[in-house]
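Per TrEMBL, S-adenosyl-L-methionine binding site is recorded for 47, 72, 145, 146, 172.
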């Protein structure tokens, strides 16, 4: 929300899910903290644009005749942004823990700018909504635990998941919180369920070096355990995980590379928002996150 309020990218919907960030102190008061925040904001910018680029490429290839399953979606606003751009897939699913889902549904029900687009895109029978799930003809939110794929499949099918439609699965900083076996099961389930599919995974990489170890220690101090850090050892291990679990083609690039691919005019614009000349930390941070994507394509899209 803070990145959006400063102007890194446009998202008119995030304000309905996240309270306004506290006001920030002047740069000279806390320069070290500001540098760290700047690295993260620019990192978020690269993540949002990188993931969005791949999603839109998939929507283009399938001419929106597809479905998207956003795994561990949290308070993500992608459904509303795609609707604004006239890029909605045939159906858009979100999955998260029931507690998170309940909070999101409460926000949607109580805020017309969120509920109206769902009603506008809905057709057919009456819209189903209870405390832990929402199901309309174009948008569904499902409360489920991603570590149990049979339970997940059953709940998605109840919300009209069509396994024969080209399917895009998106996981941003999700797999790293499961054990390697649990994330392997989820990836294997997706690869074996959909004949035409793509998965996009954004998470940590190069976690075995000193910088990676410091990141892990910092998170542990905040009681945040990365149970699935093992496959995040390198870009090769990230790719390998996808290939070993049934995906035909897989690629992985670190976020520094993603950043270099972004439209340079826009990069110059965001660097001017809060220009800081210490870029070494930024580069290190960006080399410790990556976007991986894999596909399985029986109809040669």
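Just so it is clear, glycine is given a Cβ too, placed from its N, Cα and C backbone atoms.
Whatever TrEMBL says is automated annotation, not expert-curated.
Taking each Cβ in turn and tallying the other Cβ atoms within 10 Å, the top scorer among the binding-site residues 145, 172 is 172. Most buried of the binding-site residues 47, 146, judged by other Cβ atoms within 10 Å, is 146.
Sequence-distant neighbours of residue 72 (S-adenosyl-L-methionine binding site) (same chain, 6+ apart, CB under 8 A from its CB) are 95, 96, 146, 171, 172, 173, 174.
Taken over all pairs of the listed S-adenosyl-L-methionine-binding residues (47, 72, 145, 146, 172), the Cα spread reaches a maximum of 24 Å, rounded to the nearest whole number.
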